[in-house]
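Here the structure comes first, spelled out in structure tokens, and everything after it is commentary.
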Amino acid sequence: MKIDVTEEQMREHSKAVRRGAIEGTIAGSILSGGATYYAHTRIPAYRALPMSLKALGPIILIAPLLSIQAERRSLQYDESQWCHDSQRKRAINKREMGSDEPDAETCRLAKRHEYSIILGSWALTLGVAGAIISRDKYQTPAQKVVQARMWAQGLTIGILIAAGALKHNQQSDAVDKHVDHSWQEVVSIYFVVQ
């Protein structure tokens, strides 16, 4: 199956990807520059690090932001070019979803962002546990780190159990789910046009 893409569309797509890469690089540079400046002025241990480790911090921030933003701009461009029927279907789905109760909307969001919630809850519990445990004068720093990690792991186990229950509900809902055959419409339109 041949896909007809003009040179102009390819140039516009490349331009959108480059724009996203530049945006990601600028955002990563601002974040890493601020973090590096703060660490250099306030943390003596950071100043003692070798230059290669100091350069690793900005690279760790800039590289993912660059690629993520470039991918976002690419997808936005694609959606702007090929959104005829899918836009109408999305509008219908949004209207249907908007009529639900807030609990159903919360469950739907939790299902869509399951792993982000798990990772975020682990980081949040680690931070909160670390802040609470760091006040204890009688523990050594190593004991405090271990204690905070254990609390975070314990609470994350609870989150994983809840995620497993949600996944079980998703599997039971998948039996009743309508299969999307919109690709067949696109293929039939493509062959009718030619």
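Every residue, even glycine, has its Cβ placed from backbone N, Cα and C.
For reference, TrEMBL has these:
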TRANSMEM  21-39  transmembrane segment
TRANSMEM  45-66  transmembrane segment
DOMAIN    84-178  domain 'HIG1'
TRANSMEM  115-134  transmembrane segment
TRANSMEM  146-166  transmembrane segment
For the transmembrane segment (146-166), distant same-chain residues with Cβ under 8 A (at least six beyond the ends): 107, 110-111, 114, 117-118, 121-122, 125-126, 129-130, 133-134, 139
Predicted model, mean pLDDT over the domain 'HIG1' (84-178): 79
